[in-house]
Amino acid sequence: MPNVVTSRPPAKLNLFLELLGKRDDGFHEIDTIMLPIDWCDEMRLARTEASDISLSIGWLPSLEVVAAELGVDPNSDDGKNLLAIPSDEKNLVVRALRRFRDHFDTPGGFHCDLLKRIPAGAGMGGASSDAAAALRCAAALHGIPLHNPELTVLAAEIGSDVPFFLGIDRHSCQAARAQGRGEKLSQVSLLSQIDMVVVFPSVCLSTARVYSQATIPTEIVPPDAMIAALGRGDLGGIAAGGLNRLQEPAVKIAKQIDEILESMWHIGLIGCQLTGSGSACFGLARNAVDARRGAEQLRSQLLPGSRVASVSSATVPSSVNLVITPNG
Ligand SMILES: C[C@](O)(CO)[C@H](O)COP(=O)(O)OP(=O)(O)OC[C@H]1O[C@@H](n2ccc(N)nc2=O)[C@H](O)[C@@H]1O
Ligand SMILES: Nc1ncnc2c1ncn2[C@@H]1O[C@H](COP(=O)(O)OP(=O)(O)OP(=O)(O)O)[C@@H](O)[C@H]1O
């Protein structure tokens with residue numbers, strides 16, 4: 001079995017998110033369509049003799065470059081709020097590796113090097129994706145099948161978005177419908193790649209706080225139109241079928257979201273909306289060239305104070321790659 005593996009956990013966008021009701025466990029019953037995108041973190045996981053679990057974290061291309069894009073001093077309170085990622089039990093990677101080790105009773109521990117690109121508190125699933133990748137990397141290091149259903153059980157215990165990043169059954173997944181708390185998954189097919197622009201304004205939103213200020217609609221919208229448009233590659237239909245019931249409470253907390261969305265509509269993107277509980281927003285472009293051009297335009301208008309990227313749809317789960325180390 002290998003001693004070191006790597007993976008590139010992707011972010012996700014919620015093309016559709018409806019609130020169906022409040023559950024007794026304090027979570028919301030949701031109906032959401034999630035799309036993996038090629039904005040990824042970088043993970044390296046090694047087995048260790050000692051039983052403890054350690055994590056080192058950095059930012060790509062560097063903390064200073066990311067802080068400059070956001071217009072913050074990395075040592076200021078704002079900078080720490082946006083960029084100081086915990087490396088202890090609060091990090092979902094540490095939580096995932098500890099749960100894995102205890103559940104499968106594997107010998108020794110792990111050391112994880114995590115390089116972040118996915119903004120935190122953005123509604124892009126960064127922590128959840130890292131946790132899912134950590135479970136798969138740990139399974140590969142200990143010879144446990146990557147599609148072992150017990151991994152999905154562990155994932156659901158770690159967070160509502162984590163199961164999505166493990167993929168569905170044994171197949172790679174271009175998009176998924178998530179119901180329940182987010183753990184009931186079904187495949188959604190895409191006829192063609194989707195190209196978008198994503199903007200992360202320099203504000204970190206708490207998922208719990210946005211949900212707590214959301215209201216359950218009297219009239220529930222189903223995701224059928226969105227699912228049909230994705231299946232026939234109809235960009236106009238995807239834009240028209242978009243919805244995010246968490247957008248209203250998120251905008252009340254961070255008003256700049258409205259300004260960002262306005263700028264995105266203004267440069268000709270369509271279906272512009274918040275992803276997840278925010279604060280990141282996305283808009284659909286006709287193709288990758290238009291997405292790159294749109295990102296350049298928004299960068300010149302919005303920087304510093306936002307991170308802007310052109311992205312394309314991707315798949316989950318992220319692959320796990322063996323690293324052949326000199327001592328085998
Ligand atoms: C907003 C989304 O990202 C959309 O994909 C997810 O619903 C949130 O997934 P997540 O960040 O993994 O959320 P968790 O870490 O499981 O829960 C954080 C908090 O969000 C709220 N929460 C989360 C999921 C859900 N279906 N209903 C909720 O009300 C709860 O207050 C919960 O304590
Ligand atoms: N691996 C991780 N990467 C980034 N943040 C993490 C990680 N583990 C824990 N966190 C903490 O979780 C907070 C939320 O991170 P993030 O928004 O990436 O999580 P998420 O819940 O998966 O995504 P979403 O915003 O879509 O709900 C961060 O501000 C950070 O304090």
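Numbers here mean position along the shown chain, with the first residue as 1.
Glycine residues also receive a Cβ, built from the backbone N, Cα and C atoms like all the rest.
The active site annotation in TrEMBL covers LYS12 (among others). Same-chain residues at least 6 positions away in sequence with a Cβ under 8 Å from that of LYS12 (active site) are, in sequence order, MET34, LEU35, PRO36, ILE37, MET124, GLY125, SER129, ASP161, PHE164, PHE165, THR275, GLY276, VAL316.
Per TrEMBL, the feature domain 'GHMP kinase N-terminal' maps to 91-166.
In this structure, SER129 (ATP binding site) is part of a helix by DSSP. If you look up TrEMBL, you'll see PRO119, ALA120, GLY121, ALA122, GLY123, MET124, GLY125, GLY126, ALA127, SER128, SER129 marked as ATP binding site.
DSSP assigns ASP161 (active site) to coil in the three-state reduction, outside any helix or strand. If you look up TrEMBL, you'll see ASP161 (among others) marked as active site.
The annotation domain 'GHMP kinase C-terminal' is assigned in TrEMBL to 226-301. In the predicted model, the domain 'GHMP kinase C-terminal' (226-301) has a mean pLDDT of 97.
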**Asked** In the same chain, which residues outside the set PRO119, ALA120, GLY121, ALA122, GLY123, MET124, GLY125, GLY126, ALA127, SER128, SER129 have their CB within 8 A of the centroid of the CB atoms that define the ATP site?
**Response** ALA11, ILE118, GLY276
**Request:** Could you find out if DSSP has LYS12 (active site) as helix, strand or coil?
**Result:** strand
**Message:** With the Cβ atom as the reference point and anything under 6 Å counting, tell me which of the recorded positions (LYS12, PRO119, ASP161) are near ligand 2.
**Reply:** ASP161
**Complete:** Expected list for ligand 1 (Cβ under 6 angstroms, recorded positions LYS12, PRO119, SER129, ASP161) reads ASP161
**Request:** Give the sequence-ordered list of residues that share a chain with GLY123 (ATP binding site), lie 6 or more positions from it, and have CB atoms under 8 Å from its CB.
**Result:** ASN14, LEU205, THR207, LEU246, ALA250, LEU274, THR275, GLY276, SER277, GLY278, SER279, ALA280
